[in-house]
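Engineer: Below is the structure I would like to discuss, written out as structure tokens.
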């Protein structure tokens, strides 16, 4: 009838359903009809954002797009895919007048979003898939770029995490400096990229790569490049590395860089394995494959050894690539006793894999076939089912997301302090989201941890301090847009002193995991006070660390740089936003730190200090009140940390907090105390003129289960 036609909204074609406007009486009538499965109200759902920036409390419009458009983020990475929708330039005007960069390569075109693109390969090594242009064939650089400054776009990974993806500063410009290839990232290329980025006119440099072992500042291309950037007013944001949770594993520890750890957001990816007896086990996985509930024969990897290839049950139970017998695996789901990339089962024509492993419990991988990673205790139950059932069967359900109520916490792979070169400088500086991050991807890069995965995606979900670094880079650009005249140290200080305090009960290693806390960009534009520093301060720091005029000049590149004194000293007077006191085992806690803060808040303001310390040590500050009459005014104070003799003391921490009388500003700095071995060398011996061991720079910093080509591990 005509009334029915007016009520009808949709008549669906792909499934037996329709939508209509119904009265409550009609709803009741339809519900009682034979053939009607269910009558469902038209719930109003909200878009699900990709979460990380919203999780940090940074809304989409805190800083005007015009201000953002004057900021340029330069990224040293694997390249970028310029045609990606995340980099459309709709609504953006011409690049800022200061910009002097260029675009290299015949197959690479810039726009008003991506305003620069260069590539560097000093070794002239090009493997299969490497592109001789700034174009990205690995996905990593596209991912980091969009995380920092990507435009707002609808995004998902095969329907997972469906919502709006955006960078921290969608209005900012991007310049890509491609220094990383399938074999790694050359030190010469890194320095060249820094050199060009400085000359081109970037405002923030984002570096999601680092050395695989501690190196002195004067042979570290990132430290050297970042020092030069600092001289020109450019802050370098760098990843802490993925060698956690081991102590002294943090990389990019120079005090003039921002060192970023990786932490979780309130979303995790899981996939369920369901057995024929009805048991269901939830495991970690970004599973994009839908088996539609169909069950398949389930076997144990140990029963499918490829003896002809020299494998044994002891090897095939782990489903290692090449160890599986395809005659026994084909068409089946395989239970494996270790976390692997799934290629062992895939190449043996298996349908899917259930892996039992307790090594990784706080982030997920995406695989080239249906897969999930369960606990070893659940694995024992599955193995028992296989061995006691005549025809065991199973299925793996499509991935889903769960709310992680424990977030944020620092992920296990994130590299930890203490600082391996300068123990008086706390590293990492802070933490940012770096777990299961959805962002743009190169369509020619593999979408899973299988390097030969032939599928193509526009967005991918990966983890690493490589993902947290561009969050901090975007946050730094956000602060720079609001305060274009601030120095790199001031921007860094603002991010550190306004960071959200992370729950120490979740981290045995405390600030060695998370530094000052989780970035809070919205608060960082109004820090109240900043700890500023310049080139002269850092040169003084280096001279006290055992560097001489010759080695300092290797870092500064300036023949006027001079170490006027050869006396070594602790780094307690470097104007750093955090405090670190390393005490030799058996010695007394005793440290005196001098600091100077600059007023960037209200002109007439008075700040009072609060001190928090554990039983192991005490903190005193002199003076306890700082009064300012103008913006830009500086005030100095002294922090004394004292206590008894300590031995085998793990890290313990307190804090000092400056608060103004109106409680508009809260400037927090952590204070950490920890033991080092007797005879610890606080002033590392200088490297010889000719370095015998070559410095290898890995990148991009994403965690992996294995290494590619023995050099680069990535997700």
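In case you wondered, yes, glycine gets a Cβ from its N, Cα and C as well.
All annotation found in TrEMBL is predicted automatically rather than curated by experts.
I grabbed these lines from TrEMBL:
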type	residues	note
ACT_SITE	77	active site, charge relay system
ACT_SITE	140	active site, charge relay system
ACT_SITE	466	active site, charge relay system
DOMAIN	3-48	domain 'Inhibitor I9'
DOMAIN	70-517	domain 'Peptidase S8/S53'
DOMAIN	573-673	domain 'Subtilisin-like protease fibronectin type-III'
Engineer: So how many other Cβ atoms are close to residue 77 (active site, charge relay system), meaning within 10 Å of its Cβ?
Structural biologist: 31
Engineer: Pick out which of the active-site residues 140, 466 has the most other Cβ atoms within 10 Å of its own Cβ.
Structural biologist: 466
Engineer: Using DSSP, tally how many residues of the domain 'Subtilisin-like protease fibronectin type-III' (573-673) sit in helix, strand and coil.
Structural biologist: 0 helix, 65 strand, 36 coil
Engineer: What's the CA-CA gap between residue 140 (active site, charge relay system) and residue 77 (active site, charge relay system) in angstrom, rounded?
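Structural biologist: That comes out at 7 Å between the alpha carbons.
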Engineer: Taking just the CA atoms, what is the gap between residue 466 (active site, charge relay system) and residue 77 (active site, charge relay system) in Å?
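Structural biologist: For residue 466 (active site, charge relay system) versus residue 77 (active site, charge relay system), the Cα atoms are 10 Å apart.
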Engineer: Would you mind giving the whole-number mean pLDDT across the domain 'Inhibitor I9' (3-48)?
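Structural biologist: Averaged over the domain 'Inhibitor I9' (3-48), the predicted model reaches a pLDDT of 70.
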